[in-house]
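Swiss-Prot has this to say about the protein:
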type     : residues             : note
REGION   : 1-276                : region 'Phosphonoacetaldehyde hydrolase'
BINDING  : Asp15, Ala17, Asp189 : Mg(2+) binding site
ACT_SITE : Asp15                : active site, nucleophile
ACT_SITE : Lys56                : active site, schiff-base intermediate with substrate
REGION   : 277-636              : region '2-aminoethylphosphonate--pyruvate transaminase'
MOD_RES  : Lys465               : N6-(pyridoxal phosphate)lysine
Amino acid sequence: MKKIYGEKIKAVVFDWAGTTVDYGCFAPLNVFIEIFKRRGIDVTMEEARKPMGKLKIDHIREMCEMDRIKNIWSDKFGKVPTEDDVNELYAEFEPMLFETLEEYTTPIPHVVETIEKLRKNGLKIGSTTGYTREMMNIVEPNAAKKGYSPDFLVTPSEVSQGRPYPWMCYKNAEALGVSPMSSMVKVGDTISDVKEGVNAGMWSVAVIKGSSELGLTQEEVENMDKEELKAKMSIVSKKFKEAGAHFVIETMAELEDILIKIENETIKSDFVPENDYILLTPGPLSTTKSVRASMLKDWCTWDVEYNNLVQDVRRRLVSLATQNTDKYTSVLMQGSGTFSVEAIIGSTISKDGKLLVIANGAYGKRMKDICNYLNIQFVDCTFKDIEAVDLNVVENLLKENKDITHISMVHCETTTGRLNPIQEVGKLAKEYNKIYIVDAMSSFGGIEIDVEDFNIDFLVSSSNKCIQGVPGFGFIIANKEELSKCKGIAKSLSLDVYAQWDTMEKNNGKWRFTSPTHVVRAFYQALLELEEEGSVEKRYARYKENQFTIASRLKSLGFDTLVNDNAQSPVITTFLYPKNAKFEFMEFYTYLKDNGFVIYPGKLTDIDTFRIGSIGEVYPTDMERLADVIEKFINR
């Protein structure tokens, strides 16, 4: 039999109730309603279904936190539900569910035959659930008798956290022997299912008929007026897409077509040409083939699918930036990173404001240029390019210039590769009640930053740096309260951050002017790949190892580094020309390029240097190969 999929996609992980068995996911529903009813609280079907897919005790806990239920509980018992109440409810829930669970193990239509086809194409079948292992000890064998049995099952009680966390999916990948996560598909029927798959870096497919989200019996679906059913399904589909589902299907019979589509999307990357060289620069940088392949499709800026993707990107950026996601928002701005730096300075500092510009490199100094162009008052706090920021000097300027309203500085100054003390300056900003702007262009996504912990009001970065997208837009992580005060301040039509934010909020991700659609789609793919790598912590570790590898190898060849190790970033390293050797940079550059590597010239005017970046789709083995090429150049 010729495979029509299964070359790129290796496994499908299914949910249980509402996806593969128990049409409509009714087994736990009535029990959730009953345990509250026993306490004189009538919960609605919608309330009982909303947390579906989660570990059942977490489901009960979330119901207890719903405003209406919590208020009724408080009126009846004189207090809001406590953790003891949650445990008591669960203690009743579990035995009641056990009594009826066996009745809800019949496979949903099209499941058994679809999975048989998947296996014939060589796919492995995994599963996750919101049930405990004890519950699944009833469901799993009974479903097997009726024709459905996956290759692997993991329950929330066997990992540190259930949905929407990705840990159960990771367990499936390990048990099934499948990697990367992008070669796996998650299929489910709840919002938490969708998020589980997305958070795991998998393709996420949501099914409507039989789902908990639709909440109808098979008989109701078959007998309902077609237009009424269509309207209900449309609402469910929208919820799934807003949660991040890549595809939404009506029934499991459509899954094969989706797998073929995913396979073809993945195969596109096979037709993306290899790069002629590795970019060892601080951005633009080397990207994955899958990021480049994601730009092969055209997108309409008005289309809801594209705008939903924009909203998803915005949410993911805020989640990368802070744990307090309610306090911050993100705004995407067309253009290079400097466009966004100019936009935030011009959109937040009024004619009566004054900016303290802390600079020890070209990109800090560029902020002064922006102020001069925009006629913004500023206090100059410039250090030499090879100097560290002196916090005493910064604080003295704050004391001497009480009319300063804002502070700005660069986190990773790629002029030298130095990391600046943004957290310490953030403490000063808070102490002196100043608005704090950080240019984290070459660090965000590659070095852990929590904007709330660092007291950052506005953080600026761009698509083509540590998140490993391509050039085309910048973005601002903004304190909502401070951004809301900025209406009418902007000194530019197209660089008005407040207006861009307002439009994106009111129009579900729409940009004010034409957006770089292909770049946004590539950035979304890059975000998924960052999550798949293990988020910022793991990417930082890789970048750090890259930097250490090339720095240590080149030091052994006579190339000293400019910045001390304690201030050296993992982003880019500035090397001094070797002593006692004839060294001509363009000859060196050309030799490296001919051998598959592109580096940066130095940016200092009074010291002979060159720079090597360590970010992007680059690994320590690449740095070892680069060092070997440099050694051959030196020893010619």
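Just so it is clear, glycine is given a Cβ too, placed from its N, Cα and C backbone atoms.
Excluding Asp15, Ala17, Asp189, which define the Mg(2+) site, the same chain contributes Phe14, Trp16, Gly18, Thr19, Thr20, Asp22, Cys25, Met52, Gly53, Thr129, Gly130, Gly188, Thr190, Asp193, Ser211, Ser212 within 8 Å (Cβ to the Cβ centroid), listed in sequence order. Classification of Asp189 (Mg(2+) binding site) by DSSP places it in coil, neither helical nor stranded. For the pair Ala17 (Mg(2+) binding site) and the residue listed as 'active site, schiff-base intermediate with substrate', the C-alpha distance works out to 12 angstrom.
The 10 Å shell around the Cβ of Asp15 (Mg(2+) binding site) contains 29 further Cβ atoms across the protein chains shown. Every protein chain shown contributes to the tally, and the Cβ of Lys56 (active site, schiff-base intermediate with substrate) ends up with 22 other Cβ atoms within 10 Å.
Looking at Lys465 (N6-(pyridoxal phosphate)lysine) and the residue listed as 'active site, schiff-base intermediate with substrate', their Cα atoms lie 41 Å from each other. Within 10 Å of the C-beta of Ala17 (Mg(2+) binding site) there are 30 other C-beta atoms, taking all protein chains into account. Most other Cβ atoms within 10 A: among the recorded positions Asp189, Lys465, that distinction falls to Asp189. A helical conformation is recorded for Lys56 (active site, schiff-base intermediate with substrate) in the three-state DSSP classification.
Annotation note: Ala17 (Mg(2+) binding site) sits in a strand segment as assigned by DSSP. Secondary structure at Lys465 (N6-(pyridoxal phosphate)lysine), taken from DSSP and collapsed to helix, strand or coil, is coil.
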